[in-house]
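Trainee: Sequence annotations record features per position, and here Swiss-Prot assigns Fe cation binding site to His56, His60, Cys123 based on sequence analysis.
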Amino acid sequence: MTKMNVESFNLDHTKVVAPFIRLAGTMEGLNGDVIYKYDIRFKQPNKEHMDMPGLHSLEHLMAENIRNHSDKVVDLSPMGCQTGFYVSFINHDNYDDVLNIVEATLNDVLNATEVPACNEVQCGWAASHSLEGAKTIAQAFLDKRNEWHDVFGTGK
């Protein structure tokens with residue numbers, strides 16, 4: 001397979017076992033700051049996906065709430081394949097802490113009573129949301145918290 005510019009295109013998606021959180025890449029800036037990009041994989045690639053209303057609400061809830069748990073978050077974005085999200089941190093390389101931040105954020109999702117910015121002024125597709133769908137996705141991921149570190153399903 002020819003090496004491609006996009007890191008995830010070089011990942012053999014048939015070898016990973018969701019759910020997991022993995023360091024997908026790092027980038028150092030000119031002043032020494034380092035961006036750490038994590039792959040938060042909720043669903044098994046090419047086997048499952050998150051339905052759009054639940055995924056969309058989960059994106060809003062996570063993007064808003066994750067920043068309550070870390071001031072190092074640069075961005076949280078959904079994957080187009082609808083199997084997960086990317087989250088990027090600046091100058092924060094503690095993998096176990098990232099797992100704890102994601103866990104706390106997903107617990108916020110479970111406790112949410114509304115989806116933030118779920119209106120036509122603040123959202124580009126305000127009609128496509130499901131708070132209950134987001135909670136279902138979050139709960140399923142939290143239920144497998146002990147598997148998040150095991151990207152390839154080796155049990156290690």
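Glycine is no exception: its Cβ is also placed from the backbone N, Cα and C atoms.
Give me the local environment of each listed feature.
Mentor: Sequence-distant neighbours of His60 (Fe cation binding site) (same chain, 6+ apart, CB under 8 A from its CB) are Val115, Pro116, Ala117, Cys118, Cys123, His129. In the three-state DSSP classification, His60 (Fe cation binding site) falls within a helix.
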Trainee: What other residues of the same chain, not counting His56, His60, Cys123, have a CB atom within 8 A of the CB centroid of the Fe cation site?
Mentor: Ser57, Glu59, Val115, Ala117, Cys118, Trp125, Ala126, Ser128, His129
Trainee: Other than its own, how many Cβ atoms are within 10 Å of the Cβ belonging to His56 (Fe cation binding site)?
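Mentor: There are 24 such Cβ atoms around His56 (Fe cation binding site).
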